[in-house]
Each structure stands twice: as C-alpha cells, then as structure tokens.
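Visitor: Here it is, the structure, as structure tokens.
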Amino acid sequence: MKTAIIQLPGLNRDRDMVAALHHITGVEPLKIWQTESTIPDVDVIVIPGGFSYGDYLRCGAIGARTPVLQAVREKAQKGVTVIGICNGFQILLEAGLLPGTLMRNTSLKFVCREIKLEVVNVNTKFSRYYSKGQIICCPVAHHDGNYFVDSETLKQMEENEQIIFRYAENTNPNGSVNDIAGIINKAGNILGMMPHPENFIEPAHGGTDGRLFFQSALELAKG
C-alpha cells in the first residue's frame with residue numbers, strides 16, 4: 001500500500017495525516033511538494049487540511065492552481081483514489097474535481113468542536129466498513145465550510161448517491177445545504193469532506209470513529 005500526502009505552504013494538518021496513514025498501513029506516506037509536476041505510482045493521494053497560501057483570494061484557490069494539483073488531476077483521471085480533508089476539500093472544489101463550493105460559515109465564526117455525522121452511503125470505497133445510518137463522531141475546525149451547490153446539481157448528486165456523510169443530530173456547524181459534510185465524484189474515486197477523521201484514530205485522541213474511514217479507503221485501494 002503506497003500513499004502520498006500533498007504539501008502546500010500553509011497546510012498544517014499533514015503531520016496528523018501522516019500519523020493516521022502510518023497507523024493504518026504501517027508504511028510512511030510519501031510527501032509531495034507543491035512544485036512537483038509528477039507523482040510516483042501510489043494507491044491513495046491525500047490533500048490535508050490547513051490554510052494553503054493563507055486562504056488568499058478564496059480558500060483553496062491558489063492551491064488548486066499549483067503544478068502538483070495538475071499531477072493530482074492526472075492521477076485521479078486514471079482512477080487513483082484522492083482524498084481532500086477540510087482545506088483539501090476546498091482545493092478539490094476549486095480544481096473542479098468535485099461539484100459545488102464552500103462558503104463562509106453562516107455564524108461568520110471559526111468553528112472548532114466535535115460534531116455528529118450520519119453515514120448516508122456505505123456503497124463506496126470510503127465508507128464500506130460503516131453501517132448505513134450509523135452515527136459517528138468527528139471533529140471539525142474551519143471558517144469556510146458552508147457547502148453549497150445549485151438545486152439541479154444537488155438533485156443529480158442525490159440520485160447518484162454522491163453524498164456520503166451528513167451532519168447529524170442538529171450539529172451542522174456551518175449551514176451546509178442538506179447538512180452535507182462529505183461527497184464523492186461520479187466515478188467514486190475522489191472524496192472531499194470538512195470533518196477530520198484523521199484526528200479520531202486512537203482512543204487517546206478522544207475517539208476511533210475515523211479509523212473505519214481509512215481502513216475502508218486504504219484496504220480497498222490496495223485490493
């Protein structure tokens with residue numbers, strides 16, 4: 001199992017992601033810097049959270065236009081699994097690899113707390129080890145996590161079962177349409193989500209609900 005983590009100036013959750021991937025696979029992930037125009041053969045590419053390029057212009061706007069993101073695009077088109085968490089999700093949206101956009105939280109405040117998620121679709125490589133309707137706990141930490149998409153695209157996403165996670169039990173922290181917390185592309189190999197499953201891997205960190213997410217994605221990619 002080979003994994004790679006994209007590194008951009010301002011991304012600050014890469015060490016958390018390294019720890020999570022190493023915990024699941026037992027192998028240290030490759031670290032790919034922003035200026036790289038090619039990515040070695042890997043099974044999974046992860047874009048972690050943070051504030052790439054200081055969130056100038058828009059969150060993820062500059063990061064989406066780096067050489068390494070073009071390399072990510074090429075890998076994704078070949079079916080490689082791509083995961084974007086928080087700012088990584090914002091970058092994938094800016095790059096056009098996922099539908100929709102992320103706006104300022106409706107509270108206009110940075111939100112950092114644990115929230116509840118409902119697992120909506122378990123027929124994906126990212127959620128197959130969960131149970132449909134399962135409620136899991138996961139932390140969030142963002143200022144611009146309010147997911148929005150036009151009504152026609154939203155209808156298509158619902159029909160295509162592209163929504164994997166929803167905020168549950170009235171814990172929507174940002175005002176996202178239809179409580180959407182995590183989505184995939186039509187092909188099912190690209191995922192973006194605002195919550196941080198990498199922070200809930202070990203009991204000492206407060207929970208283990210994120211472990212099944214990585215086991216689902218990494219073991220299926222390997223297979």
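A Cβ is built for glycine as well, from the same backbone N, Cα and C atoms used for every other residue.
What Swiss-Prot records for this protein is below:
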- Cys86: active site, nucleophile (ACT_SITE)
- His196: active site (ACT_SITE)
- Glu198: active site (ACT_SITE)
- 2-223: domain 'Glutamine amidotransferase type-1' (DOMAIN)
Visitor: What is the pLDDT of the domain 'Glutamine amidotransferase type-1' (2-223) when averaged and given as a whole number?
Guide: 95
Visitor: Tell me, how many other CB atoms lie within 10 A of the CB of His196 (active site), whichever protein chain they belong to?
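Guide: His196 (active site): 21 neighbouring Cβ atoms within 10 Å.
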Visitor: Other than its own, how many Cβ atoms are within 10 Å of the Cβ belonging to Glu198 (active site)?
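Guide: If we count other Cβ atoms within 10 Å of Glu198 (active site), we arrive at 30.
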Visitor: Would you mind reading off the Cα separation of Glu198 (active site) from Cys86 (active site, nucleophile), to the nearest angstrom?
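Guide: If we compare the Cα positions of Glu198 (active site) and Cys86 (active site, nucleophile), the gap is 11 Å.
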Visitor: So if I measure Cβ to Cβ from the residue listed as 'active site, nucleophile' and keep only same-chain residues at least 6 apart in sequence, which ones fall under 8 Å?
Guide: Arg13, Pro48, Gly49, Gly50, Val140, Ala141, His142, Gly145, Met193, Met194, Pro195, His196
Visitor: Hey, does DSSP put His196 (active site) in a helix, a strand, or just coil?
Guide: coil
